[in-house]
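A.B. asks: Handing you a structure now.
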Amino acid sequence: SSLVAALELRSIDLQSPRNNKEHHTKEMGLRRLILRRGQLFTIQLGFSRPFQPQTDTITFVAETDTGPEPSELLGTRAVFSLSQTWHASVWGASDYTTDSSSLQVSIFTPANAVIGHYTLKIATSQGQGHSVTYPLGTFILLFNPWSTEDDVYLPSEMLLQEYIMRDYGFIYNGHERFITSRPWNFGQFEDDIVDICFEILNKSLYYLKNPSQDCSRRNDVVYVCRVVSAMINSNDDNGVLQGNWSEDYSRGVNPLEWNGSVAILRQWSARGGQPVKYGQCWVFASVMCTVMRCLGVPTRVVSNFRSAHNVDRNLTIDTYYDQNAEMLPTRKQDKIWNFHVWNECWMIRKDLPPGYNGWQVLDPTPQQTSSGLFCCGPASVKAIKEGEVHLPYDTPFVYAEVNADEVIWLFRGGQAQEILAHNTSSIGKAISIKMVGSDQRQDITSSYKYSEGSPEERSVFMKASRKMLGPKRTSSPFLDLLGSGDLVAQPVQLQLHLARTPEWGQDLLLTLLIRRVPHRAHPQGPLRLVVRFCAQALLHGGGTHGPLWRHMMQLNLDSGKGQRQKKLVTGRWNRRDRRKVSSDARVAGEAITQAYKTSALLLYSFEPQELSFHVSERAEVGKALRVHITLTNTLTVALSNCMMVLEGSGLIDGQIANDLGTLVAGHTIQIQLDLYPIKEGPRQLQVLITSNEVKEIKGYRDILVAPARVS
C-alpha cells in the first residue's frame, strides 16, 4: 500500500446554490454557503486519484471563526471522520459516493450546534502515514425552525413563511380607538445583514467579558435572544440604536422618519458600532425582528395599547389632574404609554417547567434593567396569562404592562387628595400583530389575559399581586384606601364621545353623557354640576404638553335614574397647535358637585395625510417597473422641505431619495419613476414623504415580482 500515491485535494465545490435552496437561505444569496443546523448539506471534493475507504482516512474539522481558541469542550470545534452512518445529535460526514476521483459527501450539523461563521477543513492520510490539511472554505450556520430537533421548531409552513421568510410587515401605533398601521421594511435577507447580525453579537458586553463562554452559549436561543435584546438599545453598550423621547432630534433622525431596518443596521456597522440616532419602541422592536428572523428565530412585532411602565412593581399607575381637568406632569417614573411595541420569538423553554413553550416576549426598548443590563425577556406569554410572574425572565414587568390598574387622582394643595377614578381594565388594550399572510391587523389580547372583569382574570390578578407585592405588600396610598373600604362609587358617571372626526382648522364636536348612579349613600334630589374640560397634546411616552384650550359649563341634573346627553362645541385646532400635536390628543372632563367629583377622558387622533400611488400591471426581475405617486396637500398651510424616500427589499438596493421642495396648500404633486426589481416573489414598496410641517406621510404597495423571462 505504501506504493499508492498520496490523496491530494485538487478541487472543492461547496454547492452553495443547491444547499442554500434546501436550507431556505437562497434569499440571502447563492454565492456563499449559508446553512441551518440539524440538516444535511452536500459538498463535492475532487482528488488526485480515486478515494479508497480501506486505506485512506479523511477527517473533517469545523471551527467557529469567532472567539479565542475554538474547542470541542465548548462546542466551538468539531472533529469527525467520514463514516457510513451518522447520529442526529453529533457532527458527521457520511452518505458519500465516489465517482472516479471525485467524492460527494453529506455533512450533518447537530440541531443544538453553536450558530455563527465556521471554517471547514479536511485532513487526509493513509494508514499510519502523516496527514495533510486542506482548507475547504467557510459557511454560516443559523437556527433551523424547519427541524423538529431544533428549539425554534415551528410546525407550520404558513407561519414559517410569515415569521422567518417575509421581509416586510406592519407596525401598529396610535391608540386603541384609532389604530394606524405603519409599513416597515425588515430586509433580513439583504446582502450584508447576516454579517451585521453576528457583528452585533460580537460587540455585546457578554462577548467582550468572556468571548469563549459567549460563543459556546450561542447554541441556546434563550441566551441569544437576551443578548440581542440588550444590544438593540445602546444604554449599556455600543448597541444599535440610541433612544430619544425628548422631541429634539436635531442631532440625528426623527424616529418617525425610518422606513425600515436595513439603513439603520448598515449605518451602525459602517460607523464601527456607533449607536444610530434615534429610536423609539417601534424602531427598536422592528430592528430586533430583522435580526432574529435573519438568525432563524420565528419573530413578530407586537403592539400593546395603553401600556403601563410600572417601575415600583405595585401594579398600579397613578395619574394626577388638577381642578381644571389638566393632567399634571409627575415626578414618578410610572407612566402609561399610549402604545408600546415589543417582539415575540417562538421557542421551546427547556429552562422552565412544562407548558411555557411557544411565543416569548422580548422587549429591546430600554425601560428597566434585567440582571444589570437594559434588556427584557424572554418572558413566556402563557406565564403572563396565568400570572406565573416568578418564571424568568422579567415576567412581572411584562405582566404589569398589560394588567396594571390605573388610578386617577385629584391633585390640589400640593398633594393627591382623592380618587377620581379607579380603572381595572384601561391598560393593555387591543394587543395587535399583523395577520399571517395578509395586510390586516389581528387582535391577540386573549393570549395575554383572560377577558377583563371575568373571574379568571381577577383571580390571576390576585395571584400575580401576591407574588409581586409579597406578604408585606409595599404600601401605596391607593392600596391603603382600598383596604379602608372608603371607596364608594361616585353618584354621577361621565362619558365623552366624539360627535365627528376631528380635523385641523375645525371646531371639535363632543358629546357628553351624564348618568346618575343609584346608591343609598348618594344624595337623592336634583344635582348641580360644574364641568371643566381641558385639551392637551398627548405624547407617545404618556406625558402631555400644556393646555391647548379649556372650557367650563354648569349643568343641572334631575333626580331619578335617567341620563342626560349634552352636545359641546369646543375650541378650534389652530395651525399653531399643529406643531404641538403630532397626531394624538386628549380631552379630560371633570365634574364637581357638592361633595363628589368624577372624571372622564377621551383620546382621539387626527387623520394622517393620504398618499396615493399606482404601479404598472406586471413586475418582472430586471425589467422596468413604472411607479406613479400622487400627493395632495389637504392642509391650509404649505409643506416645506418635502423629501421623498422609497424603500423595498428585492425591489430597490438600499433607498431612493428625492427632494420635492415646497408643496403649496391645496396643490398636488405627481412623481413618476422606474424601478428594476432585483428578486422574484412577494415584495412591498414603501414611500415616505417628510416635511417640516408633517413628519410622516406614508404609503405602500404589495407587488408580486415574476422571475426574469428567459429570452
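Including glycine, each Cβ sits where the backbone N, Cα and C put it.
Reproduced below are the annotations present in TrEMBL:
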ACT_SITE  Cys281  active site
ACT_SITE  His340  active site
ACT_SITE  Asp363  active site
BINDING   Asn403, Asp405, Glu452, Glu457  Ca(2+) binding site
DOMAIN    273-366  domain 'Transglutaminase-like'
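Locate each feature and note its surroundings.
C.D. replies: Within 10 Å of the C-beta of Cys281 (active site) we count 27 further C-beta atoms, all protein chains included.
For His340 (active site), the count of additional Cβ atoms within 10 Å of its Cβ stands at 28 [all protein chains shown].
Here Asp363 (active site) comes close to Ser229, Ala285, Trp342, Asn343, Cys376, Gly377, Asp394, Val398: these same-chain residues lie at least six apart in sequence, with C-beta atoms under 8 angstroms from its C-beta.
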A.B. asks: Sort the recorded positions His340, Asp405, Glu452, Glu457 by C-alpha distance from Cys281 (active site) and give me just the closest.
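C.D. replies: Minimum Cα distance from Cys281 (active site) across His340, Asp405, Glu452, Glu457 lands on His340.
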A.B. asks: What is the interatomic distance between the Cα atoms of Asp405 (Ca(2+) binding site) and His340 (active site), given in whole Å?
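C.D. replies: Per the Cα atoms, Asp405 (Ca(2+) binding site) and His340 (active site) stand 17 Å apart.
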A.B. asks: Using other CB atoms within 10 angstroms as the count, which residue among the binding-site residues Asp405, Glu452 scores least?
C.D. replies: Glu452
A.B. asks: Please list the DSSP helix, strand and coil residue counts for the domain 'Transglutaminase-like' (273-366).
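C.D. replies: Summed over the domain 'Transglutaminase-like' (273-366), the classes give 15 helix, 40 strand, 39 coil.
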A.B. asks: Using the centroid of the Cβ atoms of Asn403, Asp405, Glu452, Glu457 as reference, list every other same-chain residue with Cβ within 8 Å of it (recorded Ca(2+) site), in sequence order.
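C.D. replies: So the extra residues in range turn out to be Thr424, Ser425, Ile427, Gly428, Lys449, Gly453, Arg458, Phe461.
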A.B. asks: Across all chains shown, how many C-beta atoms besides its own are within 10 angstroms of the C-beta of Glu457 (Ca(2+) binding site)?
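C.D. replies: Result for Glu457 (Ca(2+) binding site): 18 other Cβ atoms within 10 Å.
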